Amino acid sequence: MAIYTPNKSSDANSESSSLRVIFFGNELPNDDLQTHFRRLHTRSKDKNHPLLARFIDEATLVLKEEISALSTDLGRLIPTFETVLQWSEDANASLREGLLCGAIDGVLLVVLQLASYICYHEILTYDKEECVHIALTGLGIGLLSSTAVSLAPTPSHLPLAGADVVRLAFRLGIHVLGVSELLEARDVSGKPASWAYLVQIADSDAAQAELDLLYGNAESSANSNKIIISAVSQTSIVASGPPSRLKLLFNKSPLFRNARSTALPVFGGLCHAAHIYGENDARSIVECASLNTVTENCTPLLPIYSTSTGNPYLANNATETFECVISELLRKQICWDNVINGIRERINYSGASAAAVDHFGNSASLHDLEVALKSVLHESQVTLTNILTMSCVPPPKEISPRSTGLSKLAIVGMACRLPGGATDTEKFWDILVKGLDVSRKVPADRFDIETHYDPTGKQMNKSMTQYGCFIDEPGLFDAPFFNMSPREAQTTDPQMRLALVTAYEALEQAGYVGNRTNSTKLERIGTYYGQAADDYREVNQGQEVSTYYIPGGCRAFGPGRINYFFKFAGPSYSIDTACSSGLAAIEVACQGLWNGVIDTAVAGGVNVLTNPDGFAGLCNGHFLTKGHNACKTWDSTADGYCRADGIGSLVIKRLEDAEADNDNILGIILGAGTNHSAEAVSITHPHAGHQAYLSRQVLRQAGVDPLDVSYVELHGTGTQAGDYEEMQGILDVYAPLTKRRSADNPLHIGAVKANLGHGESVAGTTALMKVLLMFREQAIPPHIGIKGEINPKIPKDLAKRNLHIPMNLESWRRRSDKKRLAVVNNFGAAGGNTTMVLEEAPIRCIEEMDPRQTHVISVSAKTKNSLVGNIERLIAYLDSNPDTSLADLSYTTMARRYQHSWRVAMAPSTMKDLKKQLSAYLEKIDLVKPAGKSGPPTVAFTFTGQGASHKSMNLALYHDVPSFRDYIQRLDAIAQGQGFPSFIPAIDGSHPQDHQHSAVVTQLALVCSEMAMAQYWFSLGIKPDVVIGHSLGEYAAMHVAGVISASDTIFMVGRRAQLLQEKCKLGSHSMVAVRASLEEIKQNTSSTDSDAEFTIACINGPTDTVLSGTKNAIDAVSKTLEQAGFRCTKLDVAFAFHSDQTDPILDEFEDIVKASVSFQEPKMPVISPLLGKVVFDGKTLNANYVRRATRETVDFISALHNAQKMSTISEDTVWIEVGPHAVCTNMIKKILPATKLALPSMRRDADNWKTVSDSLAALHSSGVEIFWNEFHRPFERRLRLLDLPTYSWNNQTYWLQYQGDWCLTKGNGFYGTLGQGSGSAASSSSPSLLASSVSNLHTSTVQCIIEETIDGTNGTVVMQSDLMQPDLYTAAEGHRMNDCAVVTSSIHADIAFTLAEYMLPKLLPASKKLKAIIQDLVVTKGLVANHDRNSPQLFRVTATTTDILHHGLDLTWQNVDNDGTVHEPFATAKITFGDPEQWLSSWSPMVHLVQSRVEALEALVADGTANRFSRAMAYGLFAKNLVDYSEKYRGMQSVIMHGLEGFANVRLTDKESGNWTVPPHFIDSVAHLAGFIMNCSDAINTVDNYCVTPGWKAMQFAKPLTPGARYQSYVKMIPQADNSGTYLGDVYIMQDGDIIGKVWGIEFRRYPRLLLSRFFSAPGKSSTTTTTKASVSAPVKSKPVETKLSAASKPPTVAQTGIPPEQKPAPEVQPVTTNSPATAAAAPASTQAADTDTVSAKALRLIANEAALDLSQLEDDAGFAELGIDSLMSLVIAEKFKIELDVKVGGSLFLDYPTIGDLRKWLEEYYS
C-alpha cells in the first residue's frame, strides 16, 4: 500500500531508525471466531470502512465463482451463503469439520487477517516517515495473506488483491484435498484426523535419521506414504503425513513415542512435501485462478521473507509471487530460525534502532521472533501490536451507514384498533399487563352465529366454533375527514377505513408533516399493508354491488387509498402471505428503505372478520380451537387458534433520518427477512429447520449474536404442530445447549395471541407493536396461553437453557452495558416465515433549553365537534402531565402536526395561562369559524419609519436565530464595504437603550433590521402581496418589492444620512406629532406669524399629523396647538425630515442615486404615501422619487384609501408591520377601521419572541400558511416531540349488514341433500336444482324438473333453471340491451317448445305427428341477468293442462329468490298442437303474395327508394339503437327495408353449442327482422324512442330450423289505429320458396329512450315483487342515510320490467327510518330555493341522495372534494343530471364548480 511504499533510495545509511515487521500467523484465534467476524461485519456497514466492505464483497464473489466450478459432489458440501463471513458461524461448524475443512479454514484465516488489516488501517494511519522499512513474513496460509499487502500499491488496491489471495487459498485447499485423498481417504463419518504433529525433539537431524531408518527402504514402504519433517525450530519439529501413518510412527519409533507431541489443527491434507508435490502443482493453482487484472499487473513492493530460506522472494510480478509462496507451502520445509536470522540481517543492514511487530495473535513463533529482536535491539525499542485485537474491538454504538442498505431502521409511530376495546396502544398494553383473554362470541354485527354454528361439523358451511376476538364497532369512521361521502364510506371495506385512520394516528404520533424534511418528501413515502381476506367485499358489499364495489373492496385500494389521501407518490403495496401478511408487508417496507426506493414507510396489517365462510373453512381444515378462549399457546390441550380482528399501522424511517428529523424512536429494526418452509410435510405445516435458518440469516444481517437477544415474541398460534416446531427453532438458535446462556442473560419468550387471538394478516403487526410497548414500559407481560399444563412435546430442559416463559409481569429494564434486543416471529399458513430483529430506542438527552419564553400553541380539526374534542383531550393531557414543556408543546402542535381549518391558536407564557385560554375557547367555541375556507387572505407588509425604536436595540432574533443573524451580518458587511460604519452595535444590545449613535448607524440599523425581519417572515412562508413604507421605511418596502437591491438600499440610506450629517445643522429643526387632523391644525394655526412656519411632514391618520420645521417654529406651533387642547409629542430625531432642513442635500442626493442605483419594476404593488396611490410600473420609483420622499409630505391616508378603492387591499387584508414598534398598524386601524388584523413584528419594550408569537398565533388563526418547522428549526435540538392524544374523530357508523343465511346455501344443490337433518336450512322450498329433480330432462333452458304430476291427459310440470348456468347465461349475454344481458323472447320460446315436447308424449302418447304452437305469449317484465355471476338467479316455469288435446298447455314464468320465495308471474303463454303438414298446405297460397312483396322491395332498392343493409351494417345499427347481438345471433346476411316493411336473407350459424329444442339464436335470427325495422327504420323516431316486444299471437315452425341452412324473412309492421304506440306484424320464414314458419301478430310498443336504463338494468341478487308467500309492499332500493347504513334498510333493486306499464312509472318508495336525512325545511338558507322544483333544488337533492348526504350538509362553502364526491361519483351524478334533470354536463362538472355555491349559482344562471 502507498503508506508502506519503501523509499527506493534508502540503504544502510538511511536516516530511518525503525523497522516494521508484519507477521501473518497460521492459526485462527482460539476465542470466539464468530464474534470477530460479526464485528468486522458491523464495521463494514460504516461509511468510514469502504475498503473493508469492498474486500468482503469481492472475497464473497470470487468464492462463489470458485464453488460454481467445483464438481457437484464437492459443491453440494457448501451451503448457500450471502457472505464469506457466514462460514465462521456456529451453524457452519460442520463445514469446518467436513471434507473441505482445509479450504474453508484457509479462506477464513486469509479473510480474517486481511479484513482486520484493512479495518485497522482505516481506523489508524501510520506516519510515512516512520515506516520506511517494512518486512513481511508469515507461516502457512498466513504467508499467502502477506502477498496481498506486498502487491497492493495503494490502499484501494488491497480489496482486489486480497480477493485474489482468498481465491488462491481456496484453490490451494481444494488441490491439497484432492492429492491427500489419494494418499489416505478420509473417514467422513468421524471427526477429521490431523496430518501434522508438533514433536518436542530439538535435534532435527536425529529425527530425520529416525525417519530415514523407518522409511528408507523403498521396497518395504512407498515413497508417498512416508512421514516428513515439515517444519523445524530450535526446540521442536513438525512431523507430517497421512494420519494413520503418523499414528503408526508413534507406535513404532521409540524416539517419537517418548517425545512430547501435540496434534496440530491441520485437517485438510499434506503440505510442505516435496516428495508429493512438484513445481507444476503451484503453477496449476495460480494459472487456474482467474486473477484480477489489477492484481496481475502489480509488482511486489514490500519484501516477503521465505519461511524456508529466510530471504525475501525474488519475484517480478504477482504471478511469480503467488507461485513462490504456494510452492513453498506445498514443497518447502519451514525453518523459522532462518526467518529470524533474515530479519536480524535486515536490522543490521538498515541500521534500525527500533522494531515494531504487527501480528494477528500470539504464538510460539511470534515469541521466538520477539526474543530475537530484543536480543539485537534494546528491549524498550521492540513493540508488538495485535491488529486482530485493535481492529475487532466492538464498533461504536452508532455507526454511520455507508449506504441505505446498511441503515438501521427506526419505528417512529404506531396506532392500532385491536380486540378487547384496544383502540390505542395504551389500552393494548393494559390488556397485556392484566393478562386478559378477550375472546368472545361472534358479535351480531358480523353474522348470526346461532344460524351459522354447528358443533358437530356435519352441516355444510357452518362453523364449529362460536368464538373469536373482535374489534368493537368496526364500522365507526369519520367519513368527511377523509373526504368520503357516506355512500362511499358505507361501501368501503372497514379494513381500508381503519387502515386510513390508524395510518393517520401513527403519522400523527410520528410528528409527520408532508415535505417537512428530506425523508418526508411526498414522492419518497410508500405504503405497505398485509391483507389476507376480503370478507366485507365477499359478503357485505356483495349483497348490493354499487359504484364503489371495486374501489371499496379490492385489496389494492387499501394502501392505494392511503397514498391518495396523504398524496404520497411512492409505491403502495397490498401483500398477502396468509397469516404473515402484516409482518411480511413491513419487511417489504424495510427492503424499500434499505434499497433506497423510499425514505419513509407506512406499513401494517389489517383483518376484519365478517364472512362466516372463513370460520367454516378453517374449522373444516382443523385450524381453529372450539373453546371460549384465545390461543392456548404452549398448553397441553392446545387445539387450534382463535380468529381475531386487528388493524395496525406503523411509520418507519432509516435511523439516521429519524434522528435528523428529531423523531421519537419507539424501536429499531436491525434486520428482517422472509423465507419459505419448503421442506415441510405439507404446505400448511411449519418447519423448524427453515425457521431457524431464517433466524440465523436475519441475525447475521443485523450483526447480532443470538445469545444477546433477551426476548423472542413467537408466532405461537396454539396449534400442536406449530408450537412444537417453532419452539425447536427458537431453542436451536437462541438457547442452545452447546453454547449456553450465562446465568445473568436469560431468554424470555411470549405470544400475544394468547391475549388477542390470531389476527391472521395483522398478527405479526400486533406482535411487533407488543414488543415496542415492552421496550417503552421496560416490562415483559405475563403469558396466559398455558391454561393448565405445558405442552409435553416441548423440551423439559428450558430452565437448563435459561429460557423462561413469564407467568407474571417481569421487569425488562434498560442496561448500561448493552442494549435490549428482541426478535419477532410471524409465520404464514401458506409456508412463509418472517422474522425481525429489534433493538431498543436510543436515549436522547437535551442539554440546552429553548430561550423563548412565549410559545405559539394551536389546536385544530376538520370539524367543530372534533375541535372541541381535541381541546378537551389536550386539557386532560396537560392535567395528567403538569410538567409538560410549553416549548415542546408548541413544537409538537405547530411544527409536527397537520393544521386543519377549524383552529384556535394562542401564545401563552405559562402553563396556567395556556389552560385558561383553552378553557375559554371551549366556552366560546360557537364564535370560532374555520380559517382559510375561501383561500388564504391577502398579506400586506408595512415598514416603520424613524423614531419608533430605542436609540440602541437589543434584538432577541439576532441572538437566537442564526439565519436572522447571518442576514444582518451580510448586510453589515455590505455596509462596511461601502465605507459606512458597522450598524450592529445599534441592534445587538452592546450599548444601553438610550445610547445615541450617529445618523448613519441609526438609519442603517433601522432599514437593515427591517429587511432582515422581512426576510425572516419570508423564511416562515409569509410573503406580502403588497407593501407600503412610512418615510425611511419606504426604502425597505422598495427592496422587498424588488425595486432596489439590498446593496442599493444600504447605499442610498447610508449616503443620505452622511449628506444630512455633512450639510445639515444638528438640532436646528425638529418634528412634532399632533393628535389632530390636518384641517384642525390649519384652523388653529392660521393666525401664526411667519416666524412660526412649519411643514406638514406626515398625515398618519384622521387625527394624527406630524409637523416639521425649525426648532422655534415647532416650539411655537406646539404651544399654540396644546393651548387649543391638542396633544403634541416631540419626536426624538436628529433631523427633521420632510422639511426645508433637507433642502441642501436634495440635488446631490438625487445625482448620486441617478449615477449609482438601479431601479426595477416592482414584483408586487407598492402603495406610495408620497403619491397617495398604488405603483405598479417600473418608472415611477426612481431617483427623483426618493428625493421627493425625503422632502415632501407622507400622506398615509390618501395612499391607503386609494389602495382600497383599487381593491389592492381590503378589510380582509392581513397587515404585518415590519419594524421596531407597532406604529403603522395603529395608523392603519384608524384609517381603515374595518381592518380585521394588523400585527406588529416587534414592540419597543417587549420581548421579541412574545410579539412574534402573538402575531404568529393571530396569523395562524386567520388562515395564513406558516412554515412552522422553519420557526422552530433553530431550537429543534432543544425540543422534544410530545406523544399527545390522537385526533378526536367525529365518528359515525357506516356498515352494510350481512343479512340472512345465504352463505350457508349459495344455491348449491348438495346443501339440500348433505345438510338434511336437525337444524338443516334446507327445505322443500329450497331453490336447489339437483336436490328436488324428479326427471332426467336437462337442457340449457330447462335445467331441472322439480315437480311432475301426470294423470291421463291432465298434468302439471314445474321446471326450474338458473340464469347464471353457462349455456343459458351465454344465450342471454348474446342479446344485450343497455349493456345488460336480457333474456330474449326466443329463449322463452325454446322453454315452451321443450316443455311441450316433454309433456305431449306423456299425456298423449299417440301424437307423434303433432308440433307445438306457442300462442299468446305476453312478457310483462323483462328477465335481466345479474352482473354478479357468482350468485344464482333462479326462475321457474309451470306448465299445466286439464286436457292437452283440447285445451293445450298453460305456461307461467316466475322469478324465485334464493330463499325459495316465488314471485308473481312475469310472463304467460299457451301451447296448442297441430299437424305441420296441414300448416304447410294452408300457407302455400300466401307464398306468391310474400314473394311479390320481396320483389317489390328489390325494385325499390334499385331505384334508390328502399335501403339495403349488409350484415355488418344491420347489426351495427341494431346495436347502436337498442340490441347488441352476439355472433351466433347474427343470422341476417342482408336486409332490405322501406318504411315499416322489409325482408332479410338469413343464414343460421353451423356452430353448435348448448342443448336446445329450438335454439334461441335460430329463432331470433329468422324473426328479429321485426325488431330491426322497429328500431332502425327512418319511419320511426329512434333517437328519442325505442321499441320492444311483449310477445306474439302465435309462433310455429312446420320444419325444424337447421344449422347452416338459408332462409328468408319478411314482415310489414302496421301501427295501430288508437295511436297507442303499438305496432303489429306477421313474420314469414321461407326456405326454398316455401313458408316453413310464421310468427303471427308479433307486437312492438314504443317507449321514450330516457326510460331505457330504468327498464333494462340488472337487478339485485334477489328479484322481489309481490310474492305468493304473503302480501307485502314491493320493496325498492332504499335511500341511504348519513348514520348507520345497513343492508337491512337497503333491499336490492327490483328487477326492471321488459315491458313497462302504460302509465308513468311510479315514484320510488322511500323507507321510513328514524334517522332519515333532514327535510328541506331544515336545510340552510343556501340550499332553500324559493321554488323547491327549481333545477338547482332538484340537483342538490339528487346529489344528497346519491352520496347519502344530509341536505343540511350542502352549504354554499362546502367543497365537493370535502363531501367525498370523487371522480367516480361525479360521473354517476353527471349521468343522472342528464337523465333526470335534462342538464347535460361532463364528468369534470365538480372540478369546474368546486363548491355547492358555485354549482348552485351556475344552475340558477343557466337553468332558471
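Using the three backbone atoms N, Cα and C, a Cβ is placed for every residue, glycine included.
Going by Swiss-Prot, these are the annotated features:
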- Cys579: active site, for beta-ketoacyl synthase activity (ACT_SITE)
- His715: active site, for beta-ketoacyl synthase activity (ACT_SITE)
- His758: active site, for beta-ketoacyl synthase activity (ACT_SITE)
- His1375: active site, proton acceptor (ACT_SITE)
- 1659-1676: compositional bias 'Low complexity' (COMPBIAS)
- 1713-1727: compositional bias 'Low complexity' (COMPBIAS)
- 1730-1807: domain 'Carrier' (DOMAIN)
- 31-272: region 'N-terminal acylcarrier protein transacylase domain (SAT)' (REGION)
- 941-1265: region 'Malonyl-CoA:ACP transacylase (MAT) domain' (REGION)
- 1343-1494: region 'N-terminal hotdog fold' (REGION)
- 1375-1650: region 'Product template (PT) domain' (REGION)
- 1506-1653: region 'C-terminal hotdog fold' (REGION)
- 1659-1727: region 'Disordered' (REGION)
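Cα spacing between the residue listed as 'active site, proton acceptor' and His758 (active site, for beta-ketoacyl synthase activity): 49 Å, rounded to the nearest whole number. His758 (active site, for beta-ketoacyl synthase activity) sits 9 Å from His715 (active site, for beta-ketoacyl synthase activity), taking the CA atoms of both as reference points. On its own chain, Cys579 (active site, for beta-ketoacyl synthase activity) has Ala532, His715, Thr717, His758, Glu760, Ser761, Ala763, Gly764, Asn826, Phe827, Gly828, Ala829 as residues at least 6 apart in sequence with a Cβ closer than 8 Å to its own Cβ. Look at His715 (active site, for beta-ketoacyl synthase activity): DSSP puts it in coil. Taking the active-site residues His715, His1375 in turn, the residue surrounded by the fewest other Cβ atoms inside 10 Å of its Cβ turns out to be His1375. Taking DSSP states H, G and I as helix and E and B as strand, the region 'C-terminal hotdog fold' (1506-1653) has 35 helix, 68 strand, 45 coil. His758 (active site, for beta-ketoacyl synthase activity) counts 32 other C-beta atoms within 10 Å of its own C-beta, drawing on all protein chains shown. Residue counts of the domain 'Carrier' (1730-1807) by helix, strand and coil are 47 helix, 2 strand, 29 coil (DSSP-based). Residues belonging to the region 'Product template (PT) domain' (1375-1650) score a mean pLDDT of 93 in the model.
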